[in-house]
Amino acid sequence: MKKIGVLTSGGDSPGMNAAVRAVVRKAIYHDMQVAGIFHGYQGLMEGNIKELELGDVGDIIQRGGTKLYSARCLEFKEKEGQLKGIEQLKKQGIEGLVVIGGDGSYRGALALTNLGYPCVGVPGTIDNDISGTDYTIGFDTALNTVIDSIDKIRDTATSHDRSFIIEVMGRDAGDLALWAGLAGGAETVLVPEDPFDIQEIAGRLKRGRLRGKKHSIIIVAEGVMSGQELQQKLLQEADIETHVSVLGHIQRGGSPTARDRVLASQMGAKAVELLRTNQGGKAVGIRNREIVAYDFNEVFEGVHHFDEEMYKLSKELSI
Ligand code: F6P
């Protein structure tokens, strides 16, 4: 291929810029042209496309958000929208597309591939919920943001002998909650992958109090329920008072960690390599420290791997 396109789509994640930079620079290194598509699939359908040069991706590796902007686009779920997108790509002489995003973005990329247009997926989401890759770009940064918040909330929780519920993102996956809970020393972690028993949580909190522990941190993944719902449950069913802190979109922002920048650079470059060698229809991932490519279908047929061992450990260490 001589000309490829790149877009970011869905919820942004720290490190997307580093991935875009890698795509552009790796492609130019191999004498290919790169078109930046702005505002995700919406921009693709509207032809919001501009050729990118080396300088366009300078000074962005350290920046959060995405220089290409992002969008969630309902119209692109329909075949009509997808055909509009392909028409724009062909009009501009773009032969293949790198899609950086999460689950919904991958569905769009798979649809284009099934319509005969080669796409490669790069996993950009803080949720770490893409099947077939150990990590997604942005997860590490979001995790560190959550940890920073937990540490701060714990300071005030300790000063006032309070129990706090901290609601974290992750959509239907509990990775962010689990890793944050383990790294932040939370007393309880609730994840969608494991049903919870309110009396068990209450018993744990009460036992802690009897031992003289006057504060505690409960991490709840948004896929379980909201922090406020959990607060109500604990009050009504176990007479336990808590404070709630919803971290929200703060988790999606900020300068990417070194780890996310490196991962994004490796994955962006791999995506170009795949298109360059005419291997569309693949997702890029990392498995056991190796950057890999696998069939798009595996993403949707597979089940996101939740680390049961780590979950068990988080429970053991928070007795
Ligand atoms: O997929 C990333 C994510 O931040 C999820 O964790 C969250 O459920 C969702 O996006 C929020 O989406 P929006 O920013 O569109 O409200």
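Sequential numbering from 1, following the chain as shown.
Cβ coordinates come from backbone N, Cα and C, glycine included.
Just so you know, TrEMBL annotations never went through curation; they're auto-generated.
Since this is a predicted model, take the numbers as computed values, not measurements.
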Which of these, Arg154, Arg171, does TrEMBL list as part of the ADP site with Arg21, Ala22, Val23, Val24, Arg25, Gly185, Ala186, Glu187, Arg211, Lys213, Lys214, His215?
Arg154
For the ATP site that TrEMBL gives with Arg72, Cys73, Gly102, Asp103, Gly104, Ser105, which of Gly11, Gly15, Gly170 also belongs there?
Gly11
Do you know which of Glu193, Glu222, Glu229, Glu273 TrEMBL groups with Thr125, Ile126, Asp127, Arg162, Met169, Gly170, Arg171, His249, Ile250, Gln251, Arg252 in the substrate site?
Glu222
Listed binding-site residues: Gly11, Gly104, Gln251. Which have a CB under 6 angstroms from an atom of ligand 1?
Gly11
Quick tally, other C-beta within 10 angstroms, Asp103, Asp127, Glu187; top of the recorded positions is Asp127
List which of the binding-site residues Thr125, Met169, Arg171, Glu187, His215, Gln251 have their Cα within 10 Å of the Cα of Gly11 (ATP binding site), in sequence order.
Thr125
How many Å lie between the Cα of Met169 (substrate binding site) and the Cα of Gly104 (ATP binding site)?
16
Alpha-carbon spacing, Arg171 (substrate binding site) to Ser105 (ATP binding site), which is rounded to whole Å
15
Asp127 (active site, proton acceptor) versus binding-site residues Arg21, Arg72, Gly102, Ser105 - nearest by Cα
Gly102
